[in-house]
Amino acid sequence: MQPEDLPENLPGEGTALLDVREHNEWAAGHAPGAVHIPMSQIPSRLGDVPEADQLYVVCRSGGRSAKVTAYLNANGWDAVNVERGMNGWAASGRPLTGEDPDSEPFVL
């Protein structure tokens, strides 16, 4: 699914956004309300994956999130890959937040 086609209120009732990028990527800029679990930690942290009617999975460009989406779908989730990832998210004008309040958030 393209970032432009995602629900406006994401995350919201019945939906969740899972960001599978590494910590430095997350810290630079991420979607408000997203849950962060790096791709390498997904198998050991399945209990931390949000339970939602629709789970959207994002990385920087869509490659890692596609792999995580396939893994989650094989393990009982209804997950959708966000194509173009956070690059597409930012390019479509969706909001970003970061961990450093003195810096403008950006996609790393």
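Glycine is treated like the rest: Cβ placed from N, Cα and C.
Whatever TrEMBL says is automated annotation, not expert-curated.
Here TrEMBL flags 99-108 as compositional bias 'Acidic residues'.
Residues or ranges marked as domain 'Rhodanese' in TrEMBL: 11-98. On the 0 to 100 pLDDT scale, the domain 'Rhodanese' (11-98) averages 96 in the predicted structure.
Marked as region 'Disordered' by TrEMBL: 88-108. Counting only same-chain residues 6+ beyond the ends of the region 'Disordered' (88-108), those with a CB under 8 A from a CB of the stretch are 2-4, 6, 24-32, 58, 60, 62, 82.
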